[in-house]
């Protein structure tokens, strides 16, 4: 199944968990003329909330739409392996991040740095990343247009991301997520309940492949994994808890909401509308922040990160304008797509294509390849052994899932099957 030579492990005490974290985050406070230093310990709940909030939006709105013609039972069965695969991909990225931290001494790396496979795969990874993130943001803006003007919403999001520091954004995300879960409880309580007969009617498992792209897009959160790893100080146990808990919450919420949606419940109540709006908002906030960070990593040189003792007002203003430019790159393309689309279904179609070609490529192919190369094709020292058990088996199964998405669904969406049937397999009368 694949084994790692113990001699490659840099820090046996960390591997055995005698030492739980790789470093300590410190905060400095001035008190009565003295500088006090204290540890700023990472919080599993905040980290898990960041993951859950990022993944929640598409699952609440797009998932019921994609499964309405399939039925609850087949869609629930299909969602389970999708959740497992996407959870594994997050753990693989965390594993890559921990080893990269030990290699470089740098606390945080971007997702694209972790799947660095050389030319031309880096370009494929970057294209997949931005396709997935932009498709999600465009879809969320489209879904929110009945509540708030998308241009105004984009302006508010941009102002928040520019004006607040990362730790405040994460706290805001946690507060919004708590509000989302509260309204979720109220919405299900006031929905009038589920009709079991309606829920179990019209089950079509033969159509389940059609919803796979949306299932995977409903569980996209991987762009925030580097933030989670850094926030939790490289504590492998806490990171695993955050990823597992952060993906399980939207998984359970999606299944429950889909049951109410397909079971004839009344989801037009104020509480239900508030719930969907908050779910979209928390995902939008996380995605805007991660897209902004991705553009900053693409444009900012390492010299920009060098510490200085004094920062002038002019330098601070310049940094603010740079941040504004990065936020504009994060929000303007999906906003333009939303504004130019005459049909709101275009955003849903873009989500499907991003799931087929973007999410599958980045999270189910390139991420496992990067983990495979680091584990089994390299002799470089490692700080952690595999965080996902069973060696090569889960990596191979992820490639199989990606092949199903790309070959079967991609060929269908591009009209390949229809073309072949029309030109080569048409029966003569």
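Glycine is treated like the rest: Cβ placed from N, Cα and C.
Annotated by TrEMBL as transmembrane segment, the relevant range among 212-230, 269-287, 288-306 is 269-287. Per TrEMBL, the listed range annotated as transmembrane segment is 176-201 (candidates: 176-201, 384-409).
Checking TrEMBL for transmembrane segment across the ranges 72-94, 325-347 points to 72-94. Outside the transmembrane segment (44-66), and at least 6 residues removed from its termini, the chain residues within Cβ reach (under 8 Å) are 75, 79, 90, 136, 139-140, 143, 170-171, 173-174, 176-178, 180, 210-211, 214-215, 217-221, 223-225, 227-228, 231-232, 238-239, 241-243, 245-247, 249-250, 253-254, 257-258, 261-262, 275-276, 279-287, 290, 348, 351.
Pairs of Cβ atoms less than 8 Å apart link the transmembrane segment (114-141) most often to 353-372, out of 72-94, 147-164, 176-201, 353-372.
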